[in-house]
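All remarks here apply to the structure that follows.
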Amino acid sequence: MNIHILTIFPEMFQGPMSSSIIGRACQKGLLSIEPHNLRDYTKDKHRQVDDTPYGGGAGMVMKAEPFFEALTELTGSPKQKKVGRKIIMLTPQGATFTQKKAQELATMSEIIFLCGRYEGIDERVRQTWVDEEISIGDYILTGGELATMVIIDALVRFLPGALGDEMSAQEESFSDGLLEYPQYTKPATWQGMTVPAPLLSGHHEQIRKWRRKEAFKRTYQFRPELLRGRSLSIEDQILFAEALQELGMPVEIEKSSRKKKRKGRTKDDMGE
């Protein structure tokens, strides 16, 4: 994947984009990240990238010219759409970034991020070039650079070969719509606190069910909206009910559900 970033602060990307998983992905040739200084695409001696807004008002607006020049150099023309390439503007009006979106973006071969500053970017840039607008939350940042780093960090985890353990990305919070289960490491007992027995049992099926149940608990406690409208398999219905019981909720588990699960003849189990 090739990532281009249009910004007036390219130096912001030097440390974060060359460390840890992102840095290793670049070293392996899985990813290239190239910040472009918008001032290099200006034509006046002051290298001006912003100006006052038409109609008045506070602050400055980023000029269209540097963006047009940079994007023309990178893509040729706004009419030359390329499969696998996406031009993304970071903006408060964009769709909220999610784990699902990170996974989708990881399938692209090329992404160009447009980082705004001040009061935003001249609207003609959005109208002419932008494929998608993304926001990372309902709060104000001084520019799109940090938001771009967040998105890159999230999507790199889905690039094949970027993680040492490919299962890590699949089991993380939000990857299947639930928060992740609690994690423990050695020692088994610390200051009177002991690792839950299923994790010490060595029984893989017990461990899997315990983790699934704990994921339901955490999600119900901290992000219950993630569970609304969710379709559950028979096994998940049972584990979710058990999770609610352990949280002190008055929930009954139907005997028929347990019986169906034991027979292994549900539509979910048969893939129908």
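Each residue, glycine too, has its Cβ placed from N, Cα and C.
Look at TrEMBL and you will find 1-227 tagged as domain 'tRNA methyltransferase TRMD/TRM10-type'.
Of all the Cβ atoms in the protein chains shown, 16 others lie within 10 Å of the Cβ of LEU141 (S-adenosyl-L-methionine binding site). What TrEMBL records for GLY116, ILE136, GLY137, ASP138, TYR139, ILE140, LEU141 is S-adenosyl-L-methionine binding site.
Annotation comment: TrEMBL describes 252-272 as region 'Disordered'.
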Which same-chain residues, if any, lie at least 6 apart from GLY116 (S-adenosyl-L-methionine binding site) yet have Cβ under 8 Å of it: MET62, MET89, LEU90, THR91, GLY143, GLY144
